[in-house]
Amino acid sequence: MAAPPEPGEPEERKSLKLLGFLDVENTPCARHSILYGSLGSVVAGFGHFLFTSRIRRSCDVGVGGFILVTLGCWFHCRYNYAKQRIQERIAREEIKKKILYEGTHLDPERKHNGSSSN
């Protein structure tokens, strides 16, 4: 049995890796995609079985449902994640410009306020 870590030491956790290379805990969107894909495979496979009573074909439909739902969720989530990162970067750059130019003769707000008062 391993000794508990001391209060000052960080606790080491093993991360869950899927297929040996996809770190589910640290990769954005991976966990949700896998969970929704699993649910999609169960629904697709079981639904197909209820309609047709063909076991092998239902398993194939379940695997196909897993692949489609997982990839669909993955691409949707990664697209939104990338879009959010771009918006954050643009906002960060604008804040830096605002801080840099505030109160100087290069401040765009100062030019607008100065020209409207004349």
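Just so you know, glycine gets a Cβ as well, placed from its N, Cα and C.
Listed features, source Swiss-Prot:
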TOPO_DOM  2-33  topological domain 'Mitochondrial intermembrane'
MOD_RES   A2  N-acetylalanine
TRANSMEM  34-51  transmembrane segment
TOPO_DOM  52-60  topological domain 'Mitochondrial matrix'
TRANSMEM  61-77  transmembrane segment
TOPO_DOM  78-118  topological domain 'Mitochondrial intermembrane'
Under an 8 Å Cβ to Cβ limit, what residues of the same chain, 6 or more beyond the ends of the transmembrane segment (34-51), are close to it?
18, 24, 57-59, 61-70, 73
Would you kindly list the residues that approach the transmembrane segment (61-77) from elsewhere in its chain, counting only those six or more residues past its ends and only Cβ-Cβ distances under 8 Å?
28-30, 32-34, 36-46, 48
With helix taken as DSSP H, G or I, strand as E or B and everything else coil, how many residues of the topological domain 'Mitochondrial intermembrane' (78-118) land in each class?
34 helix, 0 strand, 7 coil
Mind checking which residues reach the topological domain 'Mitochondrial intermembrane' (78-118)? Cβ under 8 Å, same chain, six or more beyond either end.
28-29
DSSP helix, strand and coil counts for the topological domain 'Mitochondrial matrix' (52-60)?
7 helix, 0 strand, 2 coil
